[in-house]
């Protein structure tokens, strides 16, 4: 990736979806954008107005006929001169157009996320908005889309900028007391008010971090693990939840030996359900490995569904784990006298109890996530920097025996950590990581 500020070349990339398609969009950004469209279109389109033109190579051969739009700097996505070619989405058409663009001097194919990185470099967005756009592109459920839109709309940026300004103002009061301690127009000992304000800010940030766990669940998904003895109906339940045959079903015990995972969309919340090897004593080395993996996945679960065949002898045993566990009686169509032992009774043969269980899973997911309406930290990077901010605030508040100069320095560091979240202070070392998450063309 080029260094920020050294964008002397013009970049281009296919910004629309997979080919072939009805329409393909090729985006261009950089100082030679005007030269590019004048060369290919032999015309100068009016800014922000679509023009229907023929696209030609440098030797005059027609490539396609389509629309071009021009967005002059600084009022464009990247802050540079930008253009979009809208052409037919045939593979040969797009490949020819990209080849022609690549032959123009000063033009090259864009790297992943480079358009967005240029937008950041030119002050069109901060890092949290860029991350929100990445999450919006990756969103697969309605809940993920809503969360990503909150971030991409700038809610995080506004909150963190406000907190940072409060720290800067508080530090200014302390430095004023240091510089003008003998002056009559400086209020007597404003520092006590400052420490109270910092304490309130610390509690706000702590509450904000706590809400991040729910956001992480929505962004990364909840994890439900199905466990039980061999032939308890685990694979049959997984197939029902998936709506297709994911797992092999057999009367032979020990058929499932590895982890099988499906992703569900329950009310806009991503939920990953994992089928595991049957828990039992075995001499099979392969099956033992599967059982070890099952127990490891259980330890990471948000919810465990412990299945037992209701038609056989009752021997309900639950592995000792921290996650919430539901006891599920299976094969309810075959009967069972001890049905009160289980939270739910299901039969994949008749469908009995399955919709009730599915509704319960959705209710569980919704209760775990709750309503996320305010700005929340959506990435571990945010949480790490927020914790570092709190640590410096605590040092400033609790440093009664320290000189005010040192406590003011703690406040400066705290505001710097907040600034690193939004990119207001130097974050060069993490930019490649953030923008590499985008596809080429974004």
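Just so it is clear, glycine is given a Cβ too, placed from its N, Cα and C backbone atoms.
Over in Swiss-Prot, the protein carries these features:
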BINDING   27, 84, 124, 442  (6S)-5-formyl-5,6,7,8-tetrahydrofolate binding site
BINDING   231-236, 250-256, 275-278  GTP binding site
BINDING   235, 256  Mg(2+) binding site
DOMAIN    221-366  domain 'TrmE-type G'
Identify, among the binding-site residues 124, 234, the residue whose Cβ has the fewest other Cβ atoms within 10 Å in this structure.
-> 124
Going by C-alpha distance, which of the binding-site residues 27, 84, 124 is nearest to residue 231 (GTP binding site)?
-> 27
Measure the Cβ-based neighbour count of residue 231 (GTP binding site), defined as the other Cβ atoms within 10 Å of its Cβ.
-> 22
Do me a favour and check the Cα-Cα span between residue 277 (GTP binding site) and residue 235 (Mg(2+) binding site); whole Å is fine.
-> 9
Just name the winner among 27, 84, 235, 277 (the binding-site residues) by count of other CB atoms within 10 A of its CB.
-> 277
Distance from residue 27 ((6S)-5-formyl-5,6,7,8-tetrahydrofolate binding site) back to residue 234 (GTP binding site), taken between C-alpha atoms, in Å | 49
Argmin Cα dist to residue 235 (Mg(2+) binding site) over the binding-site residues 27, 84, 124 returns 27
